[in-house]
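The next block holds one structure in the form of structure tokens; read it before the comments.
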């Protein structure tokens, strides 16, 4: 390139047309709102971005990318279904096997602890063998777990089934957000990244419905049907992954499979131009020459398999990586530490404390919890790419603080009163619904969206660290709630969670930047210090 009058020729896939463009246009990239951004300083590399007209034959919304996100999110139905179904099944299991409250706590909560092992293995597995393979492994583990739990003759055998189910949940909930972040076009990445949370909530709702549907069966059969029917979503997931969805284009690039990655990017981008820009980004990051047009190239092993990933994450992180890790892990931590697992898993007991004594009525009330969670995460899906990540998560946690304080107050009034306090019972039921609504509109889906923070090489392993934190906290909350409210009262337990949520709001306010509208490869640039700007409009070159 000799000067401003130089030209470069771009061949557009499918059309075979040559487009001579002035070199002055090469370092200009379209961003949200039709504006251009000079990115010549990005990461010290000069990356060419070609600004062409919109392809009139390309639909505004990429439905294939949406379909891929839906299929990948089916892996989160597995975890959601287990959470929902155990809230009711545990009641019948306790009666059938005559186990103590402590054993029930362990039975319910241990699956999230087992998920830690799945998540730890999933990061490395997905980097070595691919995102699709990891989803199939998730389905296989949960399939085996559902069979073992459905036919369990005793408590010990049931716990073995919980191990397989937990590992499968860990694999599935780790890989879904990673795959979706890597396959989604920039314009809808926030929306599609909430799909795992949507499907997790659908799974919870299905679990509640399963509890209600099988509650009329004999005690020794009802809970077996509740748990055993979990094989259905695992079969659908495995079949859909094998038959329909492609491999992640970013993983293909890491393996040097440029031709395959290019085709996937074309199918999952909003335009041909965007697919070429994404391809150029990825080539530069991996270290492949930008002009290389070979379908298969040799990628240095340290780049493709991430042998130094843990060193970059923990031992010698850059300021940006350290900030990313703190932010992502913090979001995962507070998502469970604020007590949402207790509300969902033990909602029948909470409703019982509020005065709902009939088993059928308690299970029916939990269906309402599942409906509210599902509806509000759908609202978050619409708002994430319009309002932004930061306003939603701050509103979410702030609403949880108020809801948890009110719930704790209502339950305390009921406990202290010798008579039924109707207004307090109504307040408790309303605050349970408000709590799950606020959680589902921000903090819940943000766990999955936060996978976009990590750069390509660190994404799978970094997300696994976050999910391990989330699963560990989930296990602690699930396995201590009954003991906690026995010690400090059920109202005191929710005051405790409200205190943690308050700390979480301050944490998010300080460290969480706005990433709406940024290409996935540009998100890292927002991190590195706490003086970042809150809007994409403030990003300067």
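Along the chain as shown, residues are numbered 1 onward.
Including glycine, each Cβ sits where the backbone N, Cα and C put it.
Database features, via TrEMBL:
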type	residues	note
DOMAIN	68-516	domain 'Major facilitator superfamily (MFS) profile'
TRANSMEM	63-84	transmembrane segment
TRANSMEM	104-123	transmembrane segment
TRANSMEM	135-157	transmembrane segment
TRANSMEM	163-183	transmembrane segment
TRANSMEM	195-217	transmembrane segment
TRANSMEM	223-245	transmembrane segment
TRANSMEM	324-343	transmembrane segment
TRANSMEM	363-384	transmembrane segment
TRANSMEM	391-414	transmembrane segment
TRANSMEM	420-444	transmembrane segment
TRANSMEM	465-488	transmembrane segment
TRANSMEM	494-512	transmembrane segment
Interface-richest range of 163-183, 223-245, 363-384 toward the transmembrane segment (465-488), CB pairs under 8 Å: 163-183
Arithmetic mean of per-residue pLDDT over the domain 'Major facilitator superfamily (MFS) profile' (68-516): 87
Touch test for the transmembrane segment (363-384) and the transmembrane segment (195-217), at least 3 Cβ pairs under 8 Å: yes
Other parts of the chain folded back onto the transmembrane segment (104-123), taken as Cβ under 8 Å at six or more residues beyond its ends: 79, 82, 86, 90, 93-94, 134, 137-138, 141, 155, 158-159, 162-163, 165-175, 341, 345, 460-461, 463-465, 467-468, 471-472, 474-483
Close approaches to the transmembrane segment (63-84) from elsewhere in its chain (Cβ under 8 angstroms; 6 or more beyond its ends): 111, 115, 131, 135, 138-139, 142, 165, 168-169, 171-173, 175-176, 179-180, 183-185, 188, 192-193, 195-208, 210-211, 230, 233-234, 236-237, 240-241, 244-246, 267-269, 341, 344-345, 366, 370
Contact check, the transmembrane segment (324-343) vs the transmembrane segment (420-444), 3+ Cβ pairs under 8 Å, seq sep 6+: yes
Touch test for the transmembrane segment (391-414) and the transmembrane segment (494-512), at least 3 Cβ pairs under 8 Å: yes
